[in-house]
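S.K.: Found this in Swiss-Prot, in case it helps:
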- His95: active site, electrophile (ACT_SITE)
- Glu165: active site, proton acceptor (ACT_SITE)
- Asn10, Lys12: substrate binding site (BINDING)
Amino acid sequence: MARTFFVGGNFKLNGTKSSIKEIVERLNNAKLDPKVEVVLCPPAPYLDYTVSLVKKSQVSVGAQNAYLKASGAFTGENSVDQIKDVGAKWVILGHSERRQYFREDDQLIAEKTAFALSQGVGVILCIGETLDQKKAGTTLQVVERQLQAVIDKVKDWSNVVIAYEPVWAIGTGLAATPEDAQEIHHSIREFLAKKLGEKTAQETRILYGGSANGKNAVTFKDKPDVDGFLVGGASLKPEFVDIINSRS
């Protein structure tokens, strides 16, 4: 089946009003492949502003994180309702930087994912292995463990997009080869089929998220299980348009 190509831009802790305006206006004015779904994830203070700038229907806005409660005494957190209230439709959960720096474990990420989905936003669920885990040959065990935690809490995956991000490739300039990525994406899809059924496995989009850029994105073009990219640093640059158009 044909899965809609998906490109997410994770701005991380980068951006100002002026730089975000420049990024969005570049997309507004560019000729984008109309068959691609694009999601921009700026820092939380700029969600509202980014939503106000977007002019293309294929481009929507997502948050980089959300808490697992609707409201309350949780200083510094943002709720899913607040994210939705300003017009965002997606949230990134499970990113390796959240796992590493903020000690978010598989269980917490699963709970946050289930809650976000129940509140009506789409989830970009990040999974991936560290360099040590890759060297130890445990990549599949790691990503299957991360997925299983979410599978235990989420039965409807229609609003989940998986982003496989080899942690050793993030921000390092290193990237998995397209062949490596295809092999792991295929294994992830087989795991989903085993746990959730063939239909869910075939419908769930699996993105590659390790140092994708304007030059290497096109090399993934013929890989059937790579359904798009979660882009970090390159989403802040003009080459983001090239990544979006890498299938056309």
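Yeah, the Cβs are placed from backbone N, Cα and C, and that goes for glycine too.
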S.K.: Three states by DSSP: which one describes the residue listed as 'active site, electrophile'?
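M.R.: DSSP call for the residue listed as 'active site, electrophile': coil, neither helix nor strand.
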S.K.: Count the Cβ atoms, other than its own, that fall within 10 Å of the Cβ of the residue listed as 'active site, electrophile', considering every protein chain shown.
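M.R.: There are 29 of them.
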S.K.: Long-range same-chain neighbours of Lys12 (substrate binding site), Cβ under 8 Å, sequence gap at least 6?
M.R.: Pro43, Gln64, Glu97, Gly232
S.K.: With Cβ-Cβ distance below 8 Å and at least 6 positions apart along the chain, what are the contacts of Glu165 (active site, proton acceptor)? List them in sequence order.
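M.R.: When sequence neighbours closer than 6 are ignored, Glu165 (active site, proton acceptor) has His95, Ser96, Cys126, Ile127, Gly128, Tyr208, Gly209, Gly210, Leu230 within Cβ distance under 8 Å.
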S.K.: Sorted by position, what residues of the same chain at least six away from Asn10 (substrate binding site) have a C-beta under 8 A from it?
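M.R.: Expected: Cys41, Gln64, Ile92, His95, Leu230, Val231, Gly232, Ser235.
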S.K.: Which secondary structure state does DSSP assign to Glu165 (active site, proton acceptor), in the simple three-class scheme?
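M.R.: DSSP call for Glu165 (active site, proton acceptor): coil, neither helix nor strand.
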